[in-house]
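Down below is the structure, laid out as C-alpha cells.
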C-alpha cells in the first residue's frame, strides 16, 4: 500500500511538471527530472522502491555511478531509489549525484510531512491549490513554469506552453516583461503561433530567482484579443555556491587558565544558495590545529552555530608552558547540512592565549651594590628582575618602590620601559661628611594585580648597598650672595667688607685663598688671605656698570686640595647717591618770527643724573642782560620746567641767552647754558632765519672778543 501511495504521488507530480515543461526534442545529458516531492511514510522499508530516477548521459550510460547523500539509501543501475534497511528518520531531503564518463548531474528529493504536502505543492507550482486549473474560465491558460538553474546547452530549450481555449487560428501569442523585452532582455521567448515558451540561455537563481511575465493574444494587426495574463517562471536552486567566509581576518582571545567550555569566538560563513533549502544549510568543522601541543584538540566548534570553545582543562591552558601562545585553526564550512555531497569553504581562525598575572616578579639577586661620588646626581645602578608573564602586558611590567632607607628623599627609582629594569637614581647630592654609606630596601610589583591565589614573596624585595666616595669640594661663601651699601665717591682704598668662606671637607685640613673673579668696572681688590675687599677707584652710581643702583662683583675662594677646588661668591654693592652731577638744560635752540604776536619763545626743561633730593625742584635764572633795555625774562612753570618770554619784538638776528639752573642738593650745584635764539623773517608761512642783519651779541660774547684782542 505504501509503495502504491508513493508511486501515485510520484505520478501526480510528474504529470503536473509535464504541464509546465515539455520534453526536449533532442537528448540533453543529465536527469530528466531534477526535483521530486514525496510524502514521508511511517518508515522506508528495506529493498522497497521509493522513486525511479531517469538519467541519460546521451552516450549509453556506460560506467554510470550513483551517490546518495544518505548512506541508508542506494540507487540501482536502472535508477530505482531503494532503502538498504528499514529507515524511519531521513531528514527533509535526499540528494542523488549521478556521474558517468560523459556527464554528471544532481537530483533533489524533498520529503514532505503529510500535512505540508498540499502547501508545498502550492508554493512550488504557484497553482493556488488547484494544480493548474483556473478558478474562473479564461481564454488563456498560463501554467507556472519551473526551470532548474545552470542548465547546459543546447539552447533554446522548451520549458512550457501557453494554451488558448478558443484556438490559435488567426491570432498570435505575445510575451513581455523582465527577461523578454526588459533587462535582462531576450532570456525567454514564445512561439507566436503555438504558445511554446523557451529559455535561450543558462539561468542563475542567485542573480534572479523569479520572473513575472505577461502573455496576451493579439490578432494579425497587433490588436489585443485576450489577456494579458500573468506567467510566473521560478528558477529552481541547485547547490552551485560554496560557503564563503567574508569577514576575516578572524582573531579570537581567551584568557589562560579559562574553564573548559569557554567561548572564544564565532565563525560565520555565507552561502548564496537558497536559504530555505539544504543547499545553504551549513555545518562547521575544525580541519587542522597548529600547533598540536599540549593537545591536538584544544578547541571545539559548534557545528551549527560556529562557536569555538575550549575543550582542554584550565591547567593545560597555561600560556607559560605552551609552545606558542597563538593557535591557528583551519575551519571548514560545508553546505547540504554537512553531508559528503556538500560544497565546502575554509578560513583560518587565529586564537591568542592572553596572559593573566599568575607570576610575581623576582629580583635576580638579593643584594645590589652601588658607588657614587658625593655631590653627583643621576642613575647609579640598574636592578634586574625576572617575570614569566607576557612582556607586552601589565602582568609583566614592573613598578619599583623604596620602602626603607630614604628619609631625606635623596633617591628615586623608575622603570626602564624597554628592559623592565629598575633605574635607581640620586636626585639630591649626597654628602660624604654626613654619611658615607646608605642601605635601601627596594620592592617590585606588577602594574596589574596578581590573581588571588598568587602573592608577592621574599624574592620580590632586594637590598641596595650604596657607598659614597669623598671628593674635594669647593669652599662655600657665607652668605651667598653678600650685600653691602656704600656711598658713591668714597675714597680710594676704603674697605667695602670682608668675605667669609669655609671648606665643607671638614675631615681635611685645608687653607683658603681669595681672588677677584669678575669686577666689571675695575673698582675692587681683595686680600688673598683674609678676604677683605677694598676700593681701587672711585665708585660711581651713575656708571653704566651699575644697574638699579647696584654694582655686582664675583670672587673666588680656592682651597689647598689636590687638585684645588674653587667656590664662587657674589657681592652686591648698593651705591648711595651724592650730589655729584650738575643739572642739564634742554632744548638749547629756539626760533621766533620778528613780527610774532605770541612772544612766549620756548619751554625749557632740566634734568639731573642724581637721585632725589639731589635733583629737582630746579631754580632757573637769567644772566645779566647787556644794554639799557631788558629784552626777555624767564618764568618758572613747575619743579622741572620754565618758559622764556620776549618783552618786545626783536629784529632779525641771532641772540645768545645765558640761563643758569641750580639743583636742590646740599650743597647745590649750578650749571649755566646758553640758549641760542634765532629771530627770523616770516612771510606766507615761511620762516627765513638767514643772518642778514647785524648780530645782537650778548655780553658774554663781547667779553670773549675782548679777551681775544688782549691775547694778540
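Cβ from N, Cα, C; glycine included.
The signal peptide annotation in TrEMBL covers 1-22. What TrEMBL records for 171-245, 246-363, 364-477, 478-585, 584-695 is domain 'Cadherin'.
Computed over the domain 'Cadherin' (171-245), the whole-number mean pLDDT of the model equals 93. Across the range of the domain 'Cadherin' (171-245), the DSSP-based residue counts are 0 helix, 40 strand, 35 coil. Remark: secondary structure over the domain 'Cadherin' (364-477) totals 3 helix, 53 strand, 58 coil, with classes taken from DSSP. Mapped onto DSSP helix, strand and coil, the domain 'Cadherin' (584-695) counts 0 helix, 58 strand, 54 coil. Counting residues per DSSP class in helix, strand and coil order gives 9 helix, 48 strand, 61 coil for the domain 'Cadherin' (246-363).
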